[in-house]
Amino acid sequence: MGVNIRHNKDRKVWRKEPKSQDIYLRLLVKLYRFLARRTNSTFNQVVLKRLFLSRTNWPPLSLSRMIRKMKLPGQENKTPVVVGTITDDVRVQEVPKLKVCALHVTSRACSRILKAGGKILTFDQLALDSPKGRGTGLLSGPRKGREVYRHFGKAPRTPHSHTKPYVRSKGRKFERARGRWASRGYKN
């Protein structure tokens, strides 16, 4: 008898183009595909690769995180580049003067950056401004910041597991009994 060979894991899948049919995104892909081919800069290759990613891999970047990253030694006077969204953070009192480049900036973050005397560039403007990515710093938001990641990992209710269980409701009758959790009397 023959052996059934599973071919489902044979191929490593990576994107060669974005799944999205958004024409503006596809125009950016055309531009950065040209730049990645014609320049010897890895910056353009990384931007192109990030433009292909799925939306869950384009996590939003908060204003506070961006400011913190741009204060690091060697990052002063650089343009933060975000393939994704920049969102506002109410915990930040003062926004420094920043020149930023992103696919999308929320209205409140936009007004705060501009009010501080900053500037917001689109990726086509960045390509004219700095075709090789000189004087830029690539940033991205936390990919594991989504709530769903709290449910991943070691099974809930096992020792040393901090994984969040999927519970239908947070009511009195749902997984709150003695013997269910170590904190409820004992754990069976």
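Every residue gets a Cβ built from N, Cα and C, even glycine.
The Cβ neighbour count for K119 (SUMO2 cross-link), using a 10 Å radius over every protein chain in view, is 13. The annotation SUMO2 cross-link is assigned in Swiss-Prot to K119 (among others) on the grounds of similarity to another entry.
Annotation comment: Swiss-Prot describes S130 as phosphoserine, evidence class similarity to another entry. In the three-state DSSP classification, S130 (phosphoserine) falls within coil.
According to Swiss-Prot, the region 'Disordered' annotation covers 150-188. Non-local neighbours of the region 'Disordered' (150-188) in the same chain are absent; no residue 6+ outside the stretch has a CB under 8 Å from one of its CB atoms.
Note: the compositional bias 'Basic residues' (151-171) comprises 1 helix, 0 strand, 20 coil (DSSP; helix = H, G, I, strand = E, B). Annotated compositional bias 'Basic residues' per Swiss-Prot: 151-171 (among others), in sequence order.
There are 9 other Cβ atoms within 10 Å of the Cβ belonging to T158 (phosphothreonine). The phosphothreonine annotation in Swiss-Prot covers T158.
Its own atom aside, the Cβ of K164 (SUMO2 cross-link) has 14 Cβ atoms within 10 angstroms in the protein chains shown. Here Swiss-Prot flags K164 (among others) as SUMO2 cross-link.
As annotated by Swiss-Prot, compositional bias 'Basic residues' applies to 179-188 (among others). Here the compositional bias 'Basic residues' (179-188) is broken down by DSSP into helix, strand and coil counts: 0 helix, 2 strand, 8 coil.
Between the C-alpha atoms of K119 (SUMO2 cross-link) and S130 (phosphoserine), the distance comes to 15 Å. Classification of K119 (SUMO2 cross-link) by DSSP places it within a strand. When the alpha carbons of T158 (phosphothreonine) and S130 (phosphoserine) are compared, the span between them is 52 angstrom. Straight-line distance linking the Cα atoms of K164 (SUMO2 cross-link) and S130 (phosphoserine), rounded to a whole number, equals 45 Å.
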